[in-house]
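These notes concern the structure reproduced below.
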Amino acid sequence: MPAVQSRSYVLGLLTLVYVFNFVDRQILAILGPAIIADLGLTDGQFGLLTGFYFAFFYTALGLPIAWLADRMDRVTIVCIALAVWSGFTVLTSLVQSFAVLVLLRIGVAIGEAGGSPPSHSILSSLYAPRERGRALGIYALGIPLGGMTAYFIAAAMASGGTIDWRALFVLIGLPGIVLAIVLRLTVKDPPRGVTAGAARPPFFAAMINLLKIRSYLGATLGIGLASFTGYAVASFIVVYAARTYDQPLWLVLTAFGLINGLAYGGGTYLGGVLADRFAARSVAYYALVPAGGLMLSVPFLLLTLWTSHWGIFLLSFSIFILATGIYLGPTFSLAQTLAPPGLRASSSAVMLFLLNLIALGLGPTYTGWISGVLQAGGEGAAPAEALRIALTTLCIASAGGIGAYLWTAKCLPQDWTAETGE
């Protein structure tokens with residue numbers, strides 16, 4: 001099969017890889033009620049599965065893989081990563097205990113660590129700085145589209161209120177291995193935008209220099225705190241809905257699939273487009289647009305959690321999800337623009353390392369722990385009420401994200417000029 005090197009084709013195929021990334025990552029949370037019941041898990045154990053255990057290995061492997069991606073063929077790295085996480089997803093169908101499930105999710109995490117940093121770097125070699133917000137916004141559509149796909153597949157397999165979750169892990173894992181082969185055969189690693197043989201600073205020295213850039217640090221804190229809320233909600237929203245509303249399982253999953261695809265997808269694309277457009281006035285909008293999205297998200301998260309009406313729950317959750325998608329494209333664009341061409345994969349990896357350490361590692365783990373504490377004892381709260389309170393406290397993290405982005409907006413014009421000369 002001949003190689004295809006249209007930048008739109010590369011963007012589309014890498015976005016599809018990212019879709020598979022989030023199908024495999026999100027499916028555990030979607031199947032939460034069934035897996036908790038089948039394996040006898042607590043909220044705390046489930047929070048560790050979707051949070052700390054996954055995030056520790058995902059973040060630990062991200063930096064060395066990014067170091068390799070700044071020196072080796074980036075397409076090959078993405079292909080290997082995709083095949084690894086897809087293979088471990090298939091093996092999850094065989095799990096019989098919490099301990100084995102932990103080990104297999106660690107395998108998925110190791111594979112997924114090699115996905116985004118090389119992909120960000122490839123796209124930044126193909127798109128100019130003021131085009132990257134839109135390009136990386138399109139790439140970030142893999143998150144909502146992956147979630148939507150996972151929800152729809154699960155809904156289609158739901159019957160009589162139950163799901164054969166083991167068969168579902170096989171169904172979603174195998175196509176990823178095929179996609180890895182297609183990517184390897186049709187895409188070549190593009191030039192990196194630096195002269196051949198250009199010296200690169202030592203890895204950790206370069207990372208320290210990146211974190212000294214105030215707007216880079218602020219954007220990293222902003223996306224980390226915003227995603228603390230996002231990952232925790234994504235991990236427990238199906239469990240919360242199942243405990244709170246007497247609705248058929250297929251309907252709950254279908255509704256969440258539509259919300260992820262349309263609302264989250266729309267917000268993700270909108271964030272990149274708005275940031276690129278308003279950047280003509282001031283590059284500070286690469287931080288102000290995410291701050292505005294988070295400001296919109298907080299009241300609608302509260303309404304989502306404290307309404308007793310199914311329709312209002314879905315409407316408010318849709319607006320919350322749309323608003324939380326806005327920060328992705330602009331923030332990933334900043335990570336690429338503020339980094340030298342030879343360190344773009346490493347720049348994304350550092351941001352993703354801190355993001356996932358703060359958000360993916362702690363968000364679901366914290367939420368499951370708080371819920372478990374509130375349920376403990378003879379006078380403990382009911383499971384649905386405990387989870388509602390735990391999720392409500394996440395608004396504090398969102399408020400911190402707003403502050404971080406506003407600080408970034410103040411620093412960004414000067415840092416942008418210093419790093420790009422524009």
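Here the Cβ of each residue, glycine as well, is placed from N, Cα and C on the backbone.
Over in TrEMBL, the protein carries these features:
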| type | residues | note |
| --- | --- | --- |
| DOMAIN | 10-422 | domain 'Major facilitator superfamily (MFS) profile' |
| TRANSMEM | 49-68 | transmembrane segment |
| TRANSMEM | 75-92 | transmembrane segment |
| TRANSMEM | 136-159 | transmembrane segment |
| TRANSMEM | 165-183 | transmembrane segment |
| TRANSMEM | 216-242 | transmembrane segment |
| TRANSMEM | 248-271 | transmembrane segment |
| TRANSMEM | 283-306 | transmembrane segment |
| TRANSMEM | 312-335 | transmembrane segment |
| TRANSMEM | 347-366 | transmembrane segment |
| TRANSMEM | 386-407 | transmembrane segment |
The transmembrane segment (248-271) touching the transmembrane segment (136-159) per 3+ Cβ pairs under 8 Å rule: yes
Mean predicted confidence [pLDDT] for the domain 'Major facilitator superfamily (MFS) profile' (10-422): 87
Selected stretch (most C-beta pairs under 8 A with the transmembrane segment (283-306)) from 49-68, 216-242, 347-366: 216-242
Region pair the transmembrane segment (312-335) / the transmembrane segment (216-242), three or more CB pairs under 8 Å: yes
Ranked first among 75-92, 165-183, 248-271, 347-366 for CB pairs under 8 angstroms with the transmembrane segment (216-242): 347-366
Top Cβ-contact partner of the transmembrane segment (347-366) among 49-68, 75-92, 165-183, 248-271, 386-407 (pairs under 8 Å): 49-68
Long-range neighbours of the transmembrane segment (248-271), counting only residues six or more past its ends (CB under 8 A): 30, 33, 133, 137-138, 140-141, 143-145, 147-152, 154-155, 158-159, 161-163, 237-238, 241-242, 289-290, 293, 314, 317-319, 321-330
Distal contacts, the transmembrane segment (75-92) - CB-CB under 8 A, six or more residues away: 14, 17, 20-21, 24, 27, 65, 68-69, 101, 104-105, 107-115, 118-119, 122, 169-170, 172-177, 179-181, 183-184, 187-189
